[in-house]
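Student: This is the feature table in Swiss-Prot:
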{"type": "LIPID", "residues": "C9", "note": "S-palmitoyl cysteine"}
{"type": "LIPID", "residues": "C10", "note": "S-palmitoyl cysteine"}
{"type": "BINDING", "residues": "46-53, 180-183, 274-277, A331", "note": "GTP binding site"}
{"type": "BINDING", "residues": "S53, T186", "note": "Mg(2+) binding site"}
{"type": "REGION", "residues": "178-186", "note": "region 'G2 motif'"}
{"type": "REGION", "residues": "201-210", "note": "region 'G3 motif'"}
Amino acid sequence: MTLDSTMACCLSEEVKESKRINAEIEKQLRRDKKDSRRELKLLLLGTGESGKSTFIKQMRIIHGSGYSEEDKKGFTKLVFQNIFTAMQSMIRAMETLKILYKYEQNKANAQVVREVDVEKVCTFEQPYVNAIKNLWSDPGIQECYDRRREYQLSDSTKYYLTDVDRISKPGYLPTQQDVLRVRVPTTGIIEYPFDLENIIFRMVDVGGQRSERRKWIHCFENVTSIMFLVALSEYDQVLVESDNENRMEESKALFRTIITYPWFQNSSVILFLNKKDLLEDKIMYSHLVDYFPEFDGPQRDAATAREFILKMFVDLNPDSDKIIYSHFTCATDTENIRFVFAAVKDTILQHNLKEYNLV
């Protein structure tokens, strides 16, 4: 065998090996591509306090491992802090709104609660329990609570304050509902992946306050579905960041921006009109027409009000070919979210069958 033929033989072996390696790489790339397509990215968007974090908690309860006793213990301090934060907000509002306490001793109780550094709260003991119970039962504080649209107050206030006896018992362990109701503003980006029918759903929650939104841009690649949350009950409220701007108008402006982004051209859009329970309560005394004069439906009618709000959002869609899927929700109601997400999952899978190699 000549040197040339030996070299040719070696070369052909090298070429063969190179081809084999390339083929293996190509095969792996195709496999990776197929696997990556079995992961669906769901982006949760909406303004602050629309219920995005509660929705993520529900996914953990419904499709994940839920909350163990140890997990729930971790929320104890946050529940206590939520109670103090709510009462301090109302005490400040009593002054701003010039509402008087009916019972003189509640001025002293208010002072006791006001002096607490909420960040350092990790227990809930006397004299604070009594002070908060007495304040909550004062007609002045109740009037202040009824006027909560005039200042910032957590939606969970009534839920916690009517249950102070249970929450202040020694050895208190938060219930699942207590965990769902805890308010902690989202800063940064929270991802929650869960597995459904061999497909990974990666839900991404980003902070809704204006200061958080500049971080969203990093999440915009390869989004399967936009899940946009609107709080139905915010039609008469103003922003935390700006007390002369209506929260629902802000939500509409954000939704209009999101659905026209080129990034989301191929993403399905699912609109959750959340806090339907709070709307049903609020619509009885706060009239939609006072904030949206174009509303010409009957007063105290939650069904008409929510359909009007839905239409306002759907009408913002400039693309007649793009369907906006919508659901009325109550994010603190596990059974409601279980039912709604089953429908959402079907929508997402139908929308992505071919694209994600699921057929």
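Placed from the backbone N, Cα and C atoms, the Cβ positions cover glycine too.
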Student: When neighbour density is defined as the number of other C-beta atoms within 10 angstroms of a residue's C-beta, which of the binding-site residues S53, T186, N274 has the lowest density?
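Tutor: It is T186 that, of the binding-site residues S53, T186, N274, has the fewest other Cβ atoms within 10 Å.
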Student: Sorry to bug you, but what's the C-alpha spacing from K52 (GTP binding site) to T186 (Mg(2+) binding site), rounded to the closest Å?
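Tutor: About 9 Å separates the two Cα atoms.
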Student: Can you see whether DSSP assigns R181 (GTP binding site) to helix, strand or coil?
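Tutor: DSSP assigns R181 (GTP binding site) to helix.
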Student: Across the region 'G2 motif' (178-186), what is the average pLDDT of the model, as a whole number?
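Tutor: Here the predicted model's pLDDT, averaged over the region 'G2 motif' (178-186), is 91.
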Student: For D277 (GTP binding site), which residues of its chain lie six or more apart in sequence with Cβ-Cβ distance below 8 Å?
Tutor: C330, T332, D333
Student: Please report the Cα separation of R181 (GTP binding site) and S53 (Mg(2+) binding site) in Å, rounded to an integer.
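Tutor: About 10 Å separates the two Cα atoms.
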Student: Go through G46, E49, K52, R181, the listed binding-site residues, and name the one with the sparsest Cβ surroundings, counting other Cβ atoms within 10 Å.
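Tutor: Each of the binding-site residues G46, E49, K52, R181 was scored by Cβ atoms within 10 Å; lowest is R181.
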